[in-house]
Amino acid sequence: MKTALPLLLLTCLVAAVQSTGSQGCPTYVSEKCTARLQECSNNQQQEPLQNCTAVHADCVVQATEDCQREQSQLNHDHLNNHTTTQQP
């Protein structure tokens, strides 16, 4: 029974991803990179502001790619689960 809980969480995650589609990415990217930008500006003594802008831009690109890759992987797994579990 120990495997039931993570599986249930994964199912919820997949459902959430599918319901938001790629629209979920901007929120994910914004949250992740806003935190990164805040962290950078807090360390203003070490890094000039234009570095923070570059860091933020890189973060947006990377996080968007990560999010889209995760979504396509989750959707792929979800489809596989349906095709394999519906056998008699």
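Heads up, residue numbers simply count up from 1 along the chain you see.
Every residue gets a Cβ built from N, Cα and C, even glycine.
Copied over from Swiss-Prot, here are the features:
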{"type": "SIGNAL", "residues": "1-19", "note": "signal peptide"}
{"type": "DISULFID", "residues": "Cys25-Cys33", "note": "disulfide bond"}
{"type": "DISULFID", "residues": "Cys40-Cys52", "note": "disulfide bond"}
{"type": "DISULFID", "residues": "Cys59-Cys67", "note": "disulfide bond"}
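Known features from Swiss-Prot, placed on the structure.
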residue	record	Cβ contacts under 8 Å, 6 or more apart
Cys25	disulfide bond	Ala63, Thr64, Cys67, Gln68, Gln71
Cys33	disulfide bond	His56, Cys59, Val60, Ala63
Cys52	disulfide bond	Leu37, Cys40, Ser41
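Using a 10 Å Cβ-Cβ cutoff, Cys67 (disulfide bond) registers 19 neighbours. Packing around Cys59 (disulfide bond) is summarised by its Cβ count: 18 other Cβ atoms lie within 10 angstroms of its Cβ, all protein chains included.
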